[in-house]
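Chemist: Dropping the structure in here first, questions after.
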Amino acid sequence: MVKICCIGAGYVGGPTMAVIALKCPEIEVAVVDIAAPRINAWNSDHLPIYEPGLEDVVKTCRGKNLFFSTDVEKHVAEADIVFVSVNTPTKTQGLGAGKAADLTYWESAARMIADVSKSDKIVVEKSTVPVKTAEAIERILTHNRKGINFTILSNPEFLAEGTAIKDLFNPDRVLIGGRETPEGQKAIHALRDVYAHWVPLDRILCTNLWSAELSKLAANAFLAQRISSVNAMSALCEATGADVSQVSHSIGTDSRIGPKFLNASVGFGGSCFQKDILNLVYICECNGLPEVANYWKQVIKVNDYQKSRFVNRVVSSMFNTVSGKKIAVLGFAFKKDTGDTRETPAIDVCKGLLGDKAKLSIYDPQVSEEQILKDLAMKKFDWDHPAHLQPTSPTTSNKQVSVVWDAYEAIKDAHGVCIMTEWDEFKNLDYKKVFDNMQKPAFIFDGRNVVDVKKLREIGFIVYSIGKPLDAWLKDMPAVA
């Protein structure tokens, strides 16, 4: 019986291992993490992450061939294949600060694997890591190996949050990168055989190590670039009276471009896009390619511009001041169907409004008050470090922010509403009721283009929707302060 162990019980490790356990009943899968609260949650009825379909998979396999444990060393020692899926945050100080990946957690995992192993192992990089990490890990393992053979593979994940289980059941491709040596090829085949239980062989792509590592960064950079491209167009649409939905629909019908990732919004979020592009930028700079680095840097600049443009619209529309005004923020997660708030545009928008002394009332169906207050108090990049190294939740309550559990409660007596996440329930609110409960003039700033603008204007709202022709009210207002 093959034994698999995954170090790191987060958004990648948990769901991936649960699906492997489900699809390969003869393989014993252990997910290990030093964070006891997280492991306890995986063993409880309230899983630590929300993903449609995840709970069913975990409950089917847990206790049979899927185990969650804090006994990291025992499970690593017993495993034939060790997946490493630990955080690789952006460095906040030192060489490459603000761009380079911090491989502290990765390195300590590698040293621990070398320490406790008593038999040959295949070590698989699962977290998003900078190119050439495998080489560094390989060196640590070979210098500490005590006669044991370690083979390194790169097997990047391509999960989208909100559809992770669907993506795992039916992936576009599974990418496995390894050394072009007999041992490397043997290891690639061993991992390929695991995935082949449910993924057709023609969708399992085998490459060299560097190609696999770079493919992950490149895929995220291309996706983020599409979002920044359509967001850049949205600013031009507002200036000229074009409608970005019509423009992106026209572009998307071109089969060479395709319709996906062309929705204009307040900006992209999530744990990977910004981090991976910064990483790509750093790798380009280190390899003497400043032009390439600047090209990719622009994707992030446009994303930041889009968020500040949104805040400026809100403030300038409301008589150039939001001081003391209640503003409802609907949605805080970076996209619908997930409770994940990492790098969500809502953080920067809320901070911008708080900087102008607004009073915020925030509602998101999946994000806790504690998480929201913590996110608003954290510095950039802090979120990506393990919980015990993060700043604690602010003890002093923020007088300017309240978190509520109902959209209508958030909206009551507000001067403006900002829609930050495209949750389905925000499309179906009773906007007549919303209008009646707000201060007048009542403003709606739709950062996700979910509302029916025409209908809302008929009710009496002043509506700003990204990339749509501007309300007469907004035309005289500066787009960027």
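The backbone N, Cα and C atoms fix where each Cβ goes, and this holds for glycine too.
These came from TrEMBL, pasted as-is:
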| type | residues | note |
| --- | --- | --- |
| BINDING | 8-13, D33, R38, 86-90, 127-128, E161, 272-275, R342 | NAD(+) binding site |
| ACT_SITE | C272 | active site, nucleophile |
| DOMAIN | 328-453 | domain 'UDP-glucose/GDP-mannose dehydrogenase C-terminal' |
Chemist: Can you break down the domain 'UDP-glucose/GDP-mannose dehydrogenase C-terminal' (328-453) into helix, strand and coil residue counts using DSSP?
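Modeler: Summed by class, the stretch gives 42 helix, 19 strand, 65 coil.
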Chemist: Whose Cβ, among the binding-site residues N87, T90, Q274, has more other Cβ atoms within 10 Å than any of the rest?
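Modeler: Sorting the candidates by Cβ neighbours within 10 Å, the top entry is Q274.
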Chemist: List the Cα distance (Å, whole number) between Y11 (NAD(+) binding site) and C272 (active site, nucleophile).
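Modeler: The Cα atom of Y11 (NAD(+) binding site) is 12 Å away from the Cα atom of C272 (active site, nucleophile).
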Chemist: Which ones in the same chain are close to G8 (NAD(+) binding site), with CB under 8 Å and 6+ residues apart in sequence?
Modeler: V31, D33, V84, S85, V86, N87, A109, K126, S127
Chemist: What's the number of neighbouring CB atoms sitting within 10 A of the CB on the residue listed as 'active site, nucleophile'?
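Modeler: A count of 25.
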Chemist: What are the sequence-distant neighbours of E161 (NAD(+) binding site), meaning same chain, six or more residues apart, C-beta distance under 8 angstroms?
Modeler: Y11, E51, G270, K335, D337, T338, D340
Chemist: Looking only at the domain 'UDP-glucose/GDP-mannose dehydrogenase C-terminal' (328-453), what is the model's average confidence as pLDDT?
Modeler: 91
Chemist: At the level of the C-alpha atoms, what whole-angstrom distance separates C272 (active site, nucleophile) and T90 (NAD(+) binding site)?
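Modeler: Cα-Cα distance, C272 (active site, nucleophile) to T90 (NAD(+) binding site): 10 Å.
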